[in-house]
Amino acid sequence: MCALFPASKPRRAEERARALDVPRLLPTFPLRRRVPVKPLSGEGPRARFCAWIGFFRAAVRAASSLIPSARGAPAVDMVGFAVPAEVSVLLLDIEGTTTPIAFVKDTLFSYIKDNIREYLRAHWEEEECQEDVGLLRKQAEEDAHMDGVVPIPLETRDGEEEVERIIQAVIDNVHWQMSLDRKTTALKQLQGHIWRAAYENGRLKGEFFDDVVPAVRKWREAGMKVYIYSSGSVEAQKLFFGNSTEGDICELFDGHFDTKIGPKVDSESYQRIAASIGCSTSNILFLTDVTREADAAEEVDMHVAIVVRPGNAGLTDDEKSYYRLITSFNELFLPSST
């Protein structure tokens, strides 16, 4: 049996106590953590909650010997998270959650940088490619106030030299956006089309952490719905999951969302996702490695858990204490399995 991580909202303490079947002597906390929490400065629910945790931690440690571990298991060493009974939908990030960041940055992004010129030359006359360039040109106009922005001029004359001039501007603009880790729809659309060509000719295959596919299959068998929310375009997501080292696993997902529904750090995006799925935000558990995304989802009462994977950005002590943390999808325990 697992020990449960602290809920992102204090009102869920009773749920955790019932799941562990322990006496309500004290609020239930993850006794396995021994690092004291430094209270956050400022106001707001997270600051107050972290301060609350710090206030009680010494008392919890002192009383830990009085609280029996679930089914005899040593709570200090166990890892896991009991999914709340109201959750019927799992919403997954990709980079750093289902897939190593190294694969995204070192394989997918490197492929764009190494092959964009070849792709543009091969597809320049196609309508889709010209639409992609047009979107990038419009984005560059919107970014005119930013340092280093690379404008994309219109073609003013015929000839190969003119085409190469525009292609170079597109390449420079894409490299500039990628250097800033931009998530613009224009950038993601062109990237998706370049990756599509690579997947179709077998030059790329999507990769996942070993626990991902078996866990998603188990969730689906348990009746859960599973959706993807990534900054990559929906088309790129489907190509990624459809051409992977595990074969075509698109059937495991009920749907996909990208930045067209809104930025991942905007709380309204998560409200739109819930409305699109046809459920309440409180019926969704969002798994991500980015705390800013978790904050945005939590603002609209969506359940969240931070996925800690090799290569992911580190977390502060306050973040480690505030969020539910998992290192593998196997650490999620559905209501029927707890």
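Note: Cβ is positioned from N, Cα and C throughout, glycine not excepted.
When the candidates Asp266, Asp289, Asp295 are compared with the Mg(2+) site entry in TrEMBL, which names Asp93, Glu95, the shared residue is Asp289. Site annotation (TrEMBL, ligand substrate) includes Ser230, Ser231; from Lys138, Lys260, Lys264, Lys320, the additional listed residue is Lys264. Among the binding-site residues listed here, namely Ser230, Ser231, Lys264, Ser230 has its C-alpha nearest to that of Asp93 (Mg(2+) binding site).
Taking the mean position of the Cβ atoms of Ser230, Ser231, Lys264 as the substrate site, the remaining residues of that chain whose Cβ falls within 8 Å of it are Asp93, Ile94, Glu95, Lys183, Tyr229, Gly232, Asp258, Thr259, Glu293. Using the Cβ center of Asp93, Glu95, Asp289 for Mg(2+), the list of other same-chain residues with Cβ within 8 Å runs, in sequence order, Ile94, Gly96, Thr97, Thr98, Thr99, Ile101, Ser230, Thr288, Val290, Val307, Asn312.
Summary: among the binding-site residues (Ser230, Ser231), the fewest other C-beta atoms within 10 A of the C-beta are counted at Ser231.
Across the residues annotated as binding substrate (Ser230, Ser231, Lys264), the two Cα atoms farthest apart lie 8 Å from each other.
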